[in-house]
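Marked as domain 'ABC transmembrane type-1' by TrEMBL: A:87-276. Marked as region 'Disordered' by TrEMBL: A:1-23. Look at TrEMBL and you will find A:28-51, A:93-115, A:122-144, A:150-169, A:208-231, A:251-276 tagged as transmembrane segment.
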Amino acid sequence: MNRADVLGPVRPEKAPPSGRRSRRSATLVTGCVLAGLIALLALVSLFWLPYPADDTSGGRLAGPGDGHLLGTDKLGRDLFTQVMTGSRIAVEAGLGSVIVAAVLGVTLGVLAAFAQGWLDDTLAAFLDILIAFPTLLLAMLIVAARSATLGSAVLAIGLAQSAVVARLVRVLVKRVLAQDYITAARTSGTSWPRTVAGHVLPNIWPTLVVNLALQFGLAVLAEAGLSYLGLGAPPPNASWGRMLQEAQATFTTAPAGALAPGILLVLLVIGVNLIADGLRDTLDPATRGRRA
Amino acid sequence: MRINKTFLYGTATAATLALTATACGGSGSGGSASGGAWDKNATVNIGSLYEPQNLDNTAGGGQGVTEALNGNVYEGLFKLTDEGKVEKLLAEDYKVGDDGLTYTFTLRDGVKFHSGKQLTSQDVKYSLEKVIADDSQSARKSNLAVIKDIATPDARTVKVTLSKKSISFVYNLSYVWVINSQAKNLKTTEDGTGPYTLAKWTRGSALSLDRFPGYWGDAANNKRVVFHYYKDATALNNALLTNAVDVVTSEQSPDALDQFKNNQNYKVTDGNSTTKLLLAFNDKAKPFTDVKVRQAVSSAIDDKKLLESVWGGYGKLIGSMVPPSDPWYEDLTKVNAYDPARAKTLLAEAGYGKGFSFTLDTPNYDPHPTAATFIKSELAKVGITVRINTITPDEWYTKVYKNHDFTATLQEHVNDRDLVWYGNPDFYWGYDDKQVTQWVEQAEEASTTAEQTELLKKVNRKTAEDAASDWLYLYPQIVVASSKLSGYPVNGLNSQFHAYDIKKKG
């Protein structure tokens, strides 16, 4: 079977121009380098930090240098240490949310695709409502019901994103189910679960993976936003969002406190988006054909 | 939201929570009227973070109501000056009976409401009854509950009988607005006797006051006052930098001050405040039932370093609930002072030699998360593990304040003379000392202020020694104003901001 079956009419596959191919891989490589850098920081922070996380010996708002690469915050804590811890929280938030979104979203999306008649309409409407529901409000509800932890934030973001994933999966699966080979598989006696596992999922994963990569970037931003509002990882965890919030008042006198987490946040999100872009070009023949 | 009395009567609102700033106390005045002619018809633009919820101070309008209207639009029988003194205002004279239970007030003659009606004793009676009514959310409701009877023998005489002696009665009256008894819709309009009338209130943006031509006293030094409301401190400072406002009622971060301090176009004043940051233990919850544990925690935290971290060089250390502007102040910073070695010894004596862990319910807005982080780091050094649980102001109100479901928490307490809350064993922190309760009751029924002061000093010392709470520091009260301005209040007493003395150069 042809993967192009997944998205609409089959197009004749043209070989892309060679320059296009290299630009495509350049996107992917740049993305991997940027995101990899942050991932490396996060990984190292598990084993080594320049200063203990709660060491307040640095002096108030010390500038960069003098034993502190990026300087210190109001309480005298090393900023580089915090930025490293923050990168770990960002990666955890991104991965956690995407896993929640993927598991829930795919399950819900596949079920919705199989639903018929009024149930189908109801599910579609439900997903639309969930998408329209602000992530922030959802997060506040969850935080109120549980407490402000990274887990609550991840759950809220994952839930909100699962609706987006589910809607996409529903459309993708519906298209696959309309294909002749599904009818053939069913006629030959393959059960629905086996059909889904063997024929449907393999045909939707390229689009799905690209979407999940995009969701990862959005989840990192959402977690920073929640932490900025005090709804994410509780202090003293140095989430980038919290660091930005704390540095806001001192931005004019000690800009490093806001610049460091801000720049890393941008780098990670750009990196992940570039990866998504590169993956789409590489994995998705439909867009490859169109954009070439 | 900070703990102020308004809040304590269940009027917590989202808008008062953010970066609340109020304070009160002390001395000084906003810059002397230096040379140059000032404009008698100037418009003074005031920048503030506290927009009122409504314009009625018995209906939970928040601290913004006091800031904009107290003394400007509404007046009481007495007023609290920026120096913390109680002076006669609408009361021309008053007498206290020998039993200390009857107060006879003579009203000033020729006072008119903005609507034109003459002030009579009926209006005063109405105003007092409004504050103590069942549905009143006034800050002073419980303080004025001692009122047994209000009589009006003639149009200019009000006779109040108390059920028991209350030495703070006159002081508390400075918070009671005298309102026209025939006024309607006090939530969006007004009818007071003050030097200004309400011109316009644009919700979410500004509230303007115009000079009242029929004012009984000296006319205001400016023609119009506009309170501009901002959501965050940065926007507020920018407004000051671009001359959109002439004065900021209360700065919330020391770091924004440099841009004003080194600029001759601005004046920065460091006034007295009564706002205290508390690490409040639940004295009825283990392990804080043990005095030694509370003393140990108090000794383990370097308050000086925390104050320096949050406020740069501003603010003061206090060793108790009492700020220097309260009459019963004593320097108790040496009681349970910073001494980690002592903390460890005390912990061992209390049976917590190996330390313990507890949850610190932390309001999710500044400066609480910063303070919580610092406390966690300090207590780790003596073997105590702190779990920080961030909560919203609403959660704080329900979980901590109403249900007492907490082990320890952080909170700002803004009011002056609020030491007396330690005399209430049912207050959220659960401090229960029979002797202290008795002293507080006796102090309120004292015949002289000297006697009251002496008793409250005892309360102060006892609560400090018991480490009833850990009083981390006293906030500064920083006002930044254009150098064209003079005569503005610098102490922001209990959120008041009297605007009538402000002079603006042309």
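Using N, Cα and C of the backbone, Cβ positions are placed for all residues, glycine too.
Sequence-remote contacts of a segment are chain residues at least 6 beyond its ends whose Cβ falls under 8 Å from one of its Cβ atoms, and for the transmembrane segment (A:28-51) they are 58, 68-69, 77-78, 80-81, 83-85, 87-88, 90-92, 264, 267-268, 270-279, 281-282.
Pairs of Cβ atoms less than 8 Å apart link the transmembrane segment (A:150-169) most often to A:93-115, out of A:93-115, A:122-144, A:208-231, A:251-276. Across A:122-144, A:208-231, A:251-276, stretch A:208-231 shows the highest tally of CB pairs under 8 A with the transmembrane segment (A:93-115).
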